[in-house]
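Chemist: The following block contains the structure, expressed as structure tokens.
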Amino acid sequence: MKPTTIASLQKCKQDKKRFATITAYDYSFAKLFADEGLNVMLVGDSLGMTVQGHDSTLPVTVEDIAYHTAAVRRGAPNCLLLADLPFMAYATPEQAFENAATVMRAGANMVKIEGGEWLVETVKMLTERAVPVCGHLGLTPQSVNIFGGYKVQGRGDEAGDQLLSDALALEAAGAQLLVLECVPVELAKRITDALAIPVIGIGAGNVTDGQILVMHDAFGITGGHIPKFAKNFLAETGDIRAAVRQYMAEVESGVYPGEEHSFH
């Protein structure tokens, strides 16, 4: 199978073809996703909550991400694999480069970092040194203590304008993808339309170029709080492979996320 690349997603945006992505943390699920044609995966620091049982993503280390990245890469050798740089792993551009090198050596194609204009120099440094970058704006879980919880971001003109400004700054610095999390649909559309790079939404309506879900949310195995934007595809299909196929089909057709999964 031909490898999925950043250029593949760029073509999807140009052709207005929505695409699905998902988090993955181990060999078996990565292989299952790849076998079903779901070829863009993120080793997210969400593993701190879903795999390790912490109440936030903050305890996750670069070594944790590298370990899971290597496992996912073995299961899905041709996928486009993103890996999070966890909390305090990119406080300076130099630190970001060192830690990005670790996860790239483990098998990542691209690193994802959370934050806006303050990251411009870091993004420039990474991309100049052949480390592709995915930005992450809106509800950035590593900032949960600043936000005072997991809340919708970008409501109101000033907050929305700031997020758009952040997105444009990241793109200008060299970011090649952007994740938008928990923002109003109207703002997600503004940002998606303004950027040349593909935008992947989670809790941002069906107006972005792609969608991502934490796999545990997509299969209803989180336990506890279920985010408004999540949908349990396993409950509807009763089979994990069928659930993956339905998730992809609903994203590609624009059925998911629906109005009930969106914020305004």
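Placed from the backbone N, Cα and C atoms, the Cβ positions cover glycine too.
Model, not experiment: these values are computed from the prediction.
According to Swiss-Prot, the protein has these features:
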ACT_SITE  GLU181  active site, proton acceptor
BINDING   ASP45, SER46, ASP84, LYS112  3-methyl-2-oxobutanoate binding site
BINDING   ASP45, ASP84, GLU114  Mg(2+) binding site
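What does the local environment look like for each feature on the list?
Modeler: Using a 10 Å radius centred on the Cβ of GLU181 (active site, proton acceptor) and all shown protein chains, the other Cβ atoms total 23.
Around the Cβ of LYS112 (3-methyl-2-oxobutanoate binding site), 24 further Cβ atoms fall within 10 Å across all displayed protein chains.
The Cβ of ASP84 (3-methyl-2-oxobutanoate binding site) lies under 8 Å from the Cβ of LEU42, VAL43, GLY44, ASP45, VAL60, ILE65, VAL111, LYS112, ILE113, each of these being in the same chain and 6 or more residues away along the sequence.
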Chemist: Can you count the other CB atoms that lie within 10 A of the CB of GLU114 (Mg(2+) binding site)?
Modeler: 23
Chemist: Enumerate same-chain residues with a sequence separation of six or more from SER46 (3-methyl-2-oxobutanoate binding site) and a Cβ-Cβ distance below 8 A; give 'none' if the list is empty.
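Modeler: In sequence order, the residues whose Cβ lies under 8 Å from that of SER46 (3-methyl-2-oxobutanoate binding site) (at least 6 apart) are THR23, THR57, PRO141, VAL214.
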Chemist: Once the chains shown are all counted, how many other Cβ atoms turn up within 10 Å of the Cβ of ASP45 (3-methyl-2-oxobutanoate binding site)?
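Modeler: Result for ASP45 (3-methyl-2-oxobutanoate binding site): 29 other Cβ atoms within 10 Å.
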Chemist: Can you give me the residues near the recorded Mg(2+) site, meaning same chain, not ASP45, ASP84, GLU114 themselves, Cβ no more than 8 Å from the center of the site's Cβ atoms?
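Modeler: Here the nearby residues are GLY44, SER46, THR57, VAL60, LEU85, PRO86, PHE87, LYS112, ILE113, HIS136, THR140, PRO141, GLN142.
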Chemist: Rounded to an integer, what is the Cα-Cα distance in Å between GLU114 (Mg(2+) binding site) and GLU181 (active site, proton acceptor)?
Modeler: 11
